């Protein structure tokens, strides 16, 4: 076979088998480098990794270990320092009241929100690869912590706090492992519609869980909407007007400042200063009027957190599902935001390094009494809008939190609970993405179904079930699409040698007796049965053809394999079986334009030898020319044989005329295959081509 390929060159002219056709140039399909050898020409992955490691210099090693080196060595003190200071102070001021609010949402004392916004910020600035991501407590993770720990232990007990800190340690370990094992690609299997449906439902649950501070009475702690609504309705007789009026006023102020900051660049400072404004106004009101119906935060310990090893390791297995879920949320929220901000600011971000940086931040945070931290969407957006250039802005945020812990905690005693609740509700309103549902309904019902099923199950059955159902349906759709790939019947566009889907281009030329099929996916064990079934359908249900003599059946199947990026052993065996089935019915397979790896595997597995090297082509057009010449020559010869047979009175008496024509034609094709097999065995080339005026 190598000899027959070697005997061809790109400038060689192939001639028609009958000898009467005009020569037409056919581009030969060359064997890929390494054909016939067992070993691959590319080095193994470990050798490539070792070679890459040896080529790295000291500075590159420092950047790999500490991503902050990348921006520190290029830091422009005049241009960047002012922007980082402004962004760090802006977001730091925003973080102080938010951190306390999210800690309350998590069922923890407000001081633990400040702890979570302290040490992790410094650690992430060193090990994190994003320069604009604002790390710290977030609403969704806080709700997850409250949801799982509330079912294990009472929130007022010391064990509740210990388990929340242990969760931070476990999440950090999982994130570090995922980063080191380079598992950041797992996020690709969760569709955007699932993320949108999940966050929208979670935002509604978070808002309802905070409504108790507006109503003035206790509401059941749950991540399911039905128990929350039932609890709200059941306690309606305990409704109190003062916290409702105060909380609604603060919420209105926050939403107004937030919208003004978004719509007007000159007023964007209002978006960041909104939470602080609500806290200051609420504290002043309480200090002056002392309303008995307004509950306040109470005493907050002063000073920095102390080093301590997390406790409660006997509950690790009980917390593991939640740790995995929080890690997943960190991947979805933090890495997605970080990549978007990196693209806007013109630098590359490695999702695996990002996961490792978040993991180290959580591990170190857990040693200083922090609960799980991750990247915040709202604070990261404000950080970016405020002009943050590097991780120094995160360090400045940490310094502000440290200053608040050292000197300002006595001022936080009289902060109204409804003000903190208004901050949480204001923050999660941006997560309610109903516009995405409307958009999906208009363009893709499948994605809308994913959004809806995730949204509904999260609301009704809780966050954990919602995530599992959403991810499960996402994977089910991936598997379904993979196992049922798109397969197109191709035709030639008039006046060109370009072949396209006949459904998209109905005017394309198709030829009787020849089916050109394009498989738009890798061929492997999961989809090969579907591909074989579709090919059999084309044989049983002939596609409508508009060119050539009507031969009544399919004699050639051309596989356009340029989209096939990979083929496995199951697909190889299936192709062998298909070839045998086709050969028994006198159908020839032709292969067009396989890539290097696929061609190499087909050659090594014997597929090329089986179907004949003369039936492998660079272009679909070349394959169609050869097959069409066979069809035309054989059809004309069969018609001559049939006309001669019609004069034989003895045969005409015993066999009807139409049946005799069919039998003579089939006999001719049998002889054609025998002739082809003989040429293949002798190493010769049979490449009959269609005359140019017929193509």
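From the backbone N, Cα and C atoms, a Cβ is placed for every residue, glycine too.
Your range for transmembrane segment, going by TrEMBL and the list 356-386, 449-479, 480-510, 511-541, is 449-479. Here TrEMBL gives transmembrane segment for one range in the set 17-38, 39-60, 391-412: that range is 391-412. Range 318-342 is the one annotated as transmembrane segment, of 318-342, 543-567 (source: TrEMBL). Non-local neighbours of the transmembrane segment (159-181) in the same chain are 106-109, 112, 116, 145, 149, 152-153, 310-313, 315-316, 319-320, 322-324, 326-327, 330-331, 352-367, 369-373; each lies 6+ residues outside the stretch with a CB under 8 Å from one of its CB atoms. In summary, the transmembrane segment (419-443) lies against the transmembrane segment (449-479): three or more C-beta pairs, each 6 or more positions apart in sequence, are under 8 Å. Per-class residue totals from DSSP over the domain 'STAS' (504-627), listed helix then strand then coil: 54 helix, 23 strand, 47 coil. Sequence-remote contacts of a segment are chain residues at least 6 beyond its ends whose Cβ falls under 8 Å from one of its Cβ atoms, and for the transmembrane segment (391-412) they are 68, 71, 75, 80-81, 83-85, 87-89, 91-93, 95-96, 99-100, 110-111, 114-115, 117-119, 121-122, 124-126, 128, 130-136, 283, 297, 300-305, 383. The recorded stretches the transmembrane segment (269-289) and the transmembrane segment (318-342) do not share 3+ CB pairs below 8 A when only pairs 6 or more apart in sequence are counted, and are therefore not in contact.
Under the criterion of 3 or more C-beta pairs below 8 Å, with sequence separation of 6 or more, the transmembrane segment (449-479) and the transmembrane segment (193-219) qualify as touching. If one looks beyond the transmembrane segment (134-153) by at least 6 residues along the same chain, the residues whose Cβ comes under 8 Å of a Cβ in the stretch are 91, 95, 98-99, 102-103, 105-108, 113, 116-117, 120-121, 124, 128, 159-160, 163-164, 167, 199, 202-203, 205-206, 209, 221-223, 315, 318-319, 321-322, 325-326, 329-330, 333-334, 358, 361, 371-377, 379-380, 382-383, 394, 397, 424, 427-428, 431, 462-464. If one looks beyond the transmembrane segment (81-100) by at least 6 residues along the same chain, the residues whose Cβ comes under 8 Å of a Cβ in the stretch are 110-111, 113-114, 116-117, 134, 136-137, 269, 272-276, 278-279, 297, 376, 379, 382-383, 386-390, 392-401, 404, 408, 412, 415, 419-420, 423, 427.
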